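Read through the structure below, which is laid out as structure tokens, and then see the notes.
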Amino acid sequence: MMLVSDWFSQTRAVRARKERGLHPVSEVNRFAILVCGLFCGICVSLTYAYDLFTTQFRDQFQLSAGDLSTVSTVGLVFCYFLLPYSLIFETMGPFLNFVICLVTGVIGTVCLALTFTGKIPGNTATITVFYAFLNTASGLIDTTYVSTLFEIFPRNRGPVVCLAKVMTGLGSTIFACLSTTFFKDDIVGFIYFLCAVIAVVTVCAGFVIVLPPYYMNWWRLRNKDLEEVAELAATKPLYHHKSVPMRRLAVGYAVVITMILFFTIETPIVSFVHSVSRGSEIGIGVIAVMLTLCLFLMVLPLRCLGGIDEPAPTDEEVRAIAQLYATPRETSSDDGAVESEVTLNKPAVVAAAVAAQGDSPTNSEPVAAPGTEEEAEKDRYARQDPRYQGTTVMDYIKSPDLWFILLYMFCIAPIGIMVSYNGSTVSIAKTGEARSAQTSALYTAFLGLGNSVGRMAFGLFEAYVQYQRGRGGKLLVTTALFVCPVIATVGGVLLLVLPGKVILLPYILVYITNGFNAALQALIFTCLFERFHNTLYNMGFMVTVICVICFNRLLFGMYVDMKHRQLGLSAAQECNTAVCIQVPFIVSTCLAAAGLIFAALVHVRYARYVARVRKQSEEKAAERSSEGEFVELQEGL
């Protein structure tokens, strides 16, 4: 195991493993980062647990539907306005971001608890401010740990990142379970519990979740010479080539699937069966906690799980891997100039260090270019699909592909946002029944379950796409873009036409869409673009900010308040007719259907790009093969 001090000295850690004859990539350390990331994902779900507080907010502080919408909207803006933090991540890594998460999370939860106890005046303004602090922590935890996992698990990013994102969905279910078992009728105690969870997780994450050695930023480059930089950069192809031990990953998926099955059974029982004894409720809470702690099974140092003291690759293997992941530069022009270089994209200082030593990325003798059909075949199987290249963020901003993806997200997000953060309000309008804590817990729990299913589905799809063999008829990851518009449109139509008694069906469809879209947003940028994943990921969140303001507050909140006034209802009454929510969902359903247009644009353009890159790679491989045969013929003569 790596010592704690080694987390702050990548050079020392890499050299120590080399001296012991071990592989530079430690699987136990990688899975320790993953497990910590899973608990970060649970903390991120605090934004989805908002519906747990709405009943208490309304009853204790007499907030209207518009006030509740204001609280959630401002909170979500702070949750998703993360571009400024990208600068911190890109230059200094994740540590400082986790410190910010610790401070804002503790302030938000403690102040909310004091508001509920009456020590701080409770009104729309104070609740909005404190909830914004809590949401800042939630959103920043998400972008920080996910962006780190992108770099730690480049070969298996789909199943790994989506496993972490599944916990974001399950986190709201876990919190809903604990709120109705350990903290039944004790909202203040529950909020203090959230404070403790955030504090423990962010402190641990600050020391455990670190970027891989090859990731060079300003902070790491401060005190390193060219030799150290080149030594760390040489680990990049090893990270890109090495798959995780599937048994360890399977343990994680087994635990998550068990949790999904457990909560699917537990949720309706606790919410609607009134004869459940207090002891049984506590027992259910204990089981939920124990299942969550089972995630630590992935880091057990057991050889049967794989990844324990793996020997270092030979020099020949290192050279072959480095050559495999640093292939030709390709230039083409189609619909504008397109530059593609399927390379490791080393920072300029790294490239300079390698060039100064006149060596390959492994600090050994140069590697010959591959020229045989066998090497070309190996290259095909080892590689993932080519990605759009860019040396600066502006290169991507100028690309229409990025804007098509952002417009796609703008179409898909509104219906998920309105259902996720106004589930009880929509239910009241459709059913005419009063708001209750049990109903809020039910919707929050199924929100988590639906999100989990959607996230897991996309993760498995991405893994299948990236590792299927052969080129003929190969699926591209952009094929998944068509899933969300279809399911969201169906869910929106059902929500509009079905009676309130079966509203859970369209809710579940929208929840699944939400999860699938969240996983897609987390991975689509790293699948399609070569660099600046954290910045691009946060640009996707900026779209969410716009959607939250435009659709959650301006459309949904203001429309419900307008109908409330037109119906002549008092402040204590809620808008309990379907007409109150009809227009917002007609608009969001039409937008979801329009998402199919942008999905088609992204898919067609990327398919053409991939075909172009593959064709040019094949032509260059054929040229190298012909040159080799010509040289052999000359030598024979």
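Just so you know, glycine gets a Cβ as well, placed from its N, Cα and C.
Annotated features in TrEMBL:
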type: REGION; residues: 355-384; note: region 'Disordered'
type: TRANSMEM; residues: 70-88; note: transmembrane segment
type: TRANSMEM; residues: 95-117; note: transmembrane segment
type: TRANSMEM; residues: 129-150; note: transmembrane segment
type: TRANSMEM; residues: 162-183; note: transmembrane segment
type: TRANSMEM; residues: 189-215; note: transmembrane segment
type: TRANSMEM; residues: 250-270; note: transmembrane segment
type: TRANSMEM; residues: 282-300; note: transmembrane segment
type: TRANSMEM; residues: 441-463; note: transmembrane segment
type: TRANSMEM; residues: 475-498; note: transmembrane segment
type: TRANSMEM; residues: 504-529; note: transmembrane segment
type: TRANSMEM; residues: 536-556; note: transmembrane segment
type: TRANSMEM; residues: 576-604; note: transmembrane segment
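Sequence-distant neighbours of the transmembrane segment (441-463) (same chain, 6+ residues past either end, Cβ-Cβ under 8 Å): 45, 48-49, 51-52, 156-163, 165-166, 168-177, 179-180, 253, 256, 260, 263-264, 267-268, 270-272, 420, 423-424, 427, 477, 480, 483, 504, 507-520, 523, 527. The recorded stretches the transmembrane segment (576-604) and the transmembrane segment (475-498) share 3+ CB pairs below 8 A when only pairs 6 or more apart in sequence are counted, and are therefore in contact. Between the transmembrane segment (536-556) and the transmembrane segment (129-150) there are at least 3 Cβ pairs closer than 8 Å, counting only pairs 6 or more residues apart in sequence, which means the two stretches are in contact. Here the transmembrane segment (129-150) has long-range neighbours at 33-34, 36-37, 40-41, 43-47, 50, 71-72, 74-82, 85-86, 89, 94, 97-98, 100-102, 104-105, 107-109, 111-112, 115, 157, 160-161, 164-165, 168, 198, 201-202, 205, 209-211, 522, 526, 533-534, 537-538, 541, meaning same-chain residues at least 6 beyond its ends whose C-beta is under 8 angstroms from one of its own. For the transmembrane segment (70-88), the residues of the chain that approach it from at least six positions outside its boundaries are 47, 50, 57, 63, 96-97, 100, 124, 127-128, 131-136, 138-140, 143-144, 417, 421-422, 534-535, 538-539, 541-542, 544-545, 548-549, 552-553, 557, judged by C-beta separation under 8 angstroms. For the transmembrane segment (504-529), the list of distant contacts is 146, 150, 157-158, 161-162, 165-166, 168-169, 384-385, 387-388, 390, 396, 401-402, 405, 409, 412-413, 415-416, 419-420, 423, 442-443, 446-447, 449-459, 462, 466, 477-478, 480-481, 483-484, 487-488, 490-492, 494-495, 498, 536-537, 540, 606: same-chain residues at least six beyond its ends, Cβ to Cβ under 8 Å.
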